Amino acid sequence: MSQTEQAVREDGVIRSVSGPVVTARGLDARMNDVVYVGDEGLMGEVIEIEDNVTTVQVYEETSGIGPDEPVRNTGEPLSVDLGPGLLDTIYDGVQRPLDILEDKMGSPYLDRGVDAPGIELDTEWEFEPTVSEGDTVESGDEVGIVEETVTIDHKVLVPPDYEGGEVTTVKSGEFTVEETVVELSSGESVQMRQEWPVREPRPTVEKKTPREPLVSGQRILDGLFPIAKGGTAAIPGPFGSGKTVTQHQLAKYADADIIIYVGCGERGNEMTEVIDDFPELEDPSTGNPLMARTSLIANTSNMPVAARESCVYTGITIAEFYRDMGYDVALMADSTSRWAEAMREISSRLEEMPGEEGYPAYLAARLAQFYERAGYFENVNGTEGSVSAIGAVSPPGGDFSEPVTQNTLRIVKTFWALDADLAERRHFPSINWDESYSLYKEQLDPWFQENVEDDWPEERQWAVDVLDEESELQEIVQLVGKDALPDDQQLTLEVARYLRESYLQQNAFHPVDTYCSPEKTYLTVTAIHQFNDEAFEALDAGVPVDEIISIDAAPRLNRIGVQDDYEEYIATLKEDIATQLQELY
């Protein structure tokens, strides 16, 4: 919402300033109204009203403003601009396009109070109508298509708060987002641009049970702990365990139609990496640039704290907008802990009663409000779309018992626990298979059986059983050593090692291994399973375990991930393993 566009009223003055929290007196405002604070017009939002005193959280640095400066009310809630131009763009936490602000300022250093619309108002888009005069449309119905990027067709919808009616006028050609393209008998006119309050979920008909996986291209996620399209997942882990790289991998290779990446309070150089890498990378499903399906929201750790609180809502509102068009959207929030810390700071400045570890008592409610906006929905126009929410959590010291992790755990259905010990051993992605879980496995099995292989659930369960047995045996090994174990248990440890090194480990920086299709994931585990079965046959025939594990073909299991022509490689490898083991007896 641009300051220049709003009919702002100078109807209040600053009473006090405490960091990002400003109190004003004489301000005629409602909860969540957007206001402009001080002579420079810093954007803020009303968060508390008591008698004649209004409390505002300011989304910019407040140094230098003081008492009796004006506070102007817009009378509108914090909203985002929705329309063509959202993709291939980078925003700050309140949807100001950073590249446009840089051009406006002539400098990468932005002044306070500078503003710009969320989508460019002067750009003309080719509008192709999908309705004719005389057709009847309701709220949410599609009236036309705009080619937003080479990957995504932007569907122009009747806004959800419109009554609808008979189409009286339809235009075709190039228009700006504010020009009317369709007129209705109700007197309403449809433009390509909509506004929507960020804290209000967009309406749907029904939330449905997800049945299709969000294929990530990461073997451990797709194979052992899958997330559904419309699912929720948390990635908690200590510093340096790989949360951000895992989020980047999901943003690059997840088979969603649209990616919304929210950098919430994390390091600036990590967002820089995204901005540098994504334009050069190809979307594996279309071959087009990744940025053509991506919108970035950057609110790094050196940006104002209050804007962290809004950036997550900005991201999920944009995600819901594309969901209404029938697209599958994946939202990455990195990290929800920084969002919670922003809530804690503002709560403490408001002198609210603190909850556990100083977080506000409403922490669980806010987290639930965010994650519950994810899901697989039937939209009001009859299409189906999904929003998958994947939030990184940064518990101090890797302590999963802290409030943000525990409250997130109660809400999400997929838990990918990152492990500092695995990261120190250079096992990446460092997802601990003993602590992680997915509650979507059973409902996604029919999809994997239909689209990959019938015995997908059995192969997954076999891998889980071997890894569980290894965890139990490791405790004995640490006490008495590996050589003291019986031969069959030594062989189990060797099979588990191949599972860890060739199935669970994956090199995010290798051009081939960075992405693994479900078919390749399945064939990898079947190759290790065959080695297991043939090796135990040889062991039963009296072959010493040392000879079994030292065959030449076995180490080639660790090279499956980097093979481009993996089907032929795995078929040859299976034959060689069988031949070499049978030669031993």
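Cβ atoms here come from the backbone N, Cα and C positions, even for glycine.
Fair warning: this is a prediction, and the values are worked out from it, not measured in the lab.
Sequence-remote contacts of a segment are chain residues at least 6 beyond its ends whose Cβ falls under 8 Å from one of its Cβ atoms, and for the region 'Disordered' (192-211) they are 1, 32, 77-84, 119, 121, 125, 127, 140, 146, 154, 156-157, 159-160, 175-179, 181, 228-231, 310, 313-314, 316-317, 320-321, 323-324, 373, 375-380, 384, 386, 440, 443-444, 446-447. Taken from Swiss-Prot, the feature region 'Disordered' applies to 192-211.
The feature compositional bias 'Basic and acidic residues' is assigned by Swiss-Prot to 196-211.
Sequence annotations record features per position, and here Swiss-Prot assigns ATP binding site to GLY237, PRO238, PHE239, GLY240, SER241, GLY242, LYS243, THR244 based on sequence analysis. Within the same chain, the residues at least 6 positions away from GLY237 (ATP binding site) whose Cβ sits under 8 Å from its Cβ are LYS243, ALA392, VAL393, SER394, PRO395, GLY398, ALA417, LEU418, ASP419, ALA420, SER430, listed in sequence order.
Helix, strand and coil content of the region 'Disordered' (192-211), in residues and according to DSSP, is 0 helix, 7 strand, 13 coil.
Around GLY242 (ATP binding site), a 10 Å sphere centred on its CB holds 22 further CB atoms from the protein chains shown. Close to THR244 (ATP binding site) in the fold, though at least 6 residues off in sequence, lie GLU266, GLU270, ASP334, ALA392, each with a CB less than 8 Å from its CB. Within the set of binding-site residues (PRO238, GLY240), the lowest number of other Cβ atoms found within 10 Å of a Cβ is recorded at GLY240. Cβ proximity to the ATP site centre (mean Cβ of GLY237, PRO238, PHE239, GLY240, SER241, GLY242, LYS243, THR244, cutoff 8 Å) flags the following additional same-chain residues: SER394, LEU418, ALA420, ALA423, SER430.
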